[in-house]
C-alpha cells in the first residue's frame, strides 16, 4: 500500500487541527488489485480507540482517493527504533502494553490485523502508540489460510498456509517485543528460506547483549510458543493478560 500512497499534513479547517491526508491513485490500486484492502482500511480505521490511527473521513475525484487520517505527530516507530538501535525494557513495555490493548479491542470486534510490524506503527503527540495500515486486516468470522504480511513477523500458521485465527496477531506481538529489546526480529536470516525454516521450527534464540530480563524473555517465549489455534493454545490465548500484568511492571 505504501507504493501507491503518500501522506500530506493539512489543516482541517472545520475543527482547526492538523490531520494527515493519504492520497491513493485509483489506477495503481486497480493495477495492484488491492481495492478490497482500501475498503477494509476505511471500515476498520473508523473504529475509535486511542491506539488505533483514526480515519475521520474520505473523498475522491476522478483519479485519486483521499483518506483524512489522524496526524501522528512523532512519526514512524520504525524510524525511532532505527535511531535508538533498541529500546529500554520500560519503553518497550509501554509500547507492547498499548499494542496489546489495541489488539484486544480489534479482536473483540472480530478483526485480525495480520501485518503488525514497526513500519505500521506510529507515535502520537503524547508518545502514544498508534496502529496504522489495515490493508491486510480481515474479519474473523471464518478462519483464514491466506499468506500475507511481512515474513519476519508471520507465525508458522501463515507461513505454512494452514488455518489461522486472531492468535496470529499475538505471535507478531511477541516478535515485536523481541525486536524492541534486541533491535532485530528474532527469526531474521540472510535468506528468506532460512527465515522460513526458523519460523516453522520456532528457532528462538536470546543473544547475551543487550541484557534483557528473564520476565521479558519468558513473555516472548510463551507468545511464540508452539503454533496452534488460540482455542487450543492457552499460552497465546491469555498472553495479552500476561503482558499487561508482567511486562508493564518491568
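Residue numbers in this text run from 1 along the chain shown.
Glycine too: its Cβ is placed from the backbone N, Cα and C atoms.
Of the residues 61, 133, TrEMBL puts just one in the ATP site with 22, 70, 71, 72, 119, 120: 133. Within the set of binding-site residues 22, 70, 71, 72, 133, the entry lying nearest in space to residue 115 (active site, proton acceptor) is 133 (CA atoms). For the recorded positions 115, 119, counting C-beta atoms within 10 A of each C-beta gives the highest total at 115.
Looking at residue 133 (ATP binding site) and residue 117 (SUMO2 cross-link), their Cα atoms lie 10 Å from each other.
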